[in-house]
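Notes for the one structure printed next.
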């Protein structure tokens, strides 16, 4: 398994993308998480869309001095294009609340809750959202054998883009005693549900639609599959019976609204083979905006082009008092 590294960045890099416009948008991306590369790809498209829509845009590759840089440029709005730690986990929203700068996407509670797979699972179950059975394993437990019956999924507590996720099948040459806990001292071990991978895009509390992921190469929807062209096929809209499709959208809206999310989000489900039972996997409060990303694709199918999507997200910008 490839390990995606985090790295500390002292100084934020600033680049003026457009010096004229109706409002000044600080596009914050990059940063110090393992999802840095995806964030930068998302920001490239978002930056072009903001310029096309007529905004003054300053790109900030976030470092430890982000507060100083924001104070210097004094933006009207921050477009939070960070993925992973420091941005998607509620850190940047918390800072912007203190600075009283409006920002896109969810606030501190929704962001931090969604990013932590253990606490978000508790939230889902409390709100009667169906999920696969799971347990938490700590490095100190010194587990030497499979913690549950195969097949099962290993998930880090706090990573996105399927970073660190592994699926252990019956035939795999895998010894849990050798697992090195690359993304923290605790992991979730989840029962593997064989079924159809479904994704729902939500904008401002309403589900836009759903698509199905058909794997073409890898065994599950991992980081490589998500961001490499030709590794998966997207079926939009998801070819489902009407009752299941409607339930999928309704459950997604329930998750989004009970968590008090804001702007755009993406919710992942598995539709189990044989039973047609829906299992929620997670909600992503900072969905990707890359050329292969799901939310822009679903939005486009429903008549919202990329520039309009970015403007709709921008309209929701606010800070929490």
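Each Cβ is built from the backbone N, Cα and C atoms, and glycine gets one as well.
Per Swiss-Prot, domain 'ATP-grasp' is recorded for 121-315, and the stated evidence type is sequence analysis.
Residues or ranges marked as ATP binding site by Swiss-Prot on the basis of sequence analysis: 148-199. Taking a C-beta cut-off of under 8 Å and a sequence gap of six or more, residue 155 (ATP binding site) has these contacts in its own chain: 117, 164, 165, 187, 188, 189, 190.
In sequence order, 114, 117, 120, 267, 268 constitute the residues six or more apart from residue 282 (Mg(2+) 1 binding site) in its chain with CB-CB distances below 8 Å. If you look up Swiss-Prot, you'll see 268, 282 marked as Mg(2+) 1 binding site.
What Swiss-Prot records for 282, 284 is Mg(2+) 2 binding site, and it gives sequence analysis as the kind of evidence. Residue 284 (Mg(2+) 2 binding site): 22 other CB atoms within 10 A of its CB, across all protein chains. DSSP gives residue 284 (Mg(2+) 2 binding site) a strand state.
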Quiz item: Over the domain 'ATP-grasp' (121-315), what does the predicted model average in pLDDT?
Solution: 89
Self-check item: residue 284 (Mg(2+) 2 binding site) versus binding-site residues 148, 169, 176, 183, 197 - nearest by Cα
Solution: 197
Quiz prompt | Site of maximum Cβ density within 10 Å, from binding-site residues 190, 197, 268 | solution = 190
Practice problem: Starting from each candidate's C-beta and looking 10 angstroms out, tell me which of the binding-site residues 169, 176, 183 has the most other C-beta atoms. | Solution: 183
Practice problem: State the count of C-beta atoms found within 10 angstroms of the C-beta of residue 148 (ATP binding site), not counting that atom itself. | Solution: 16
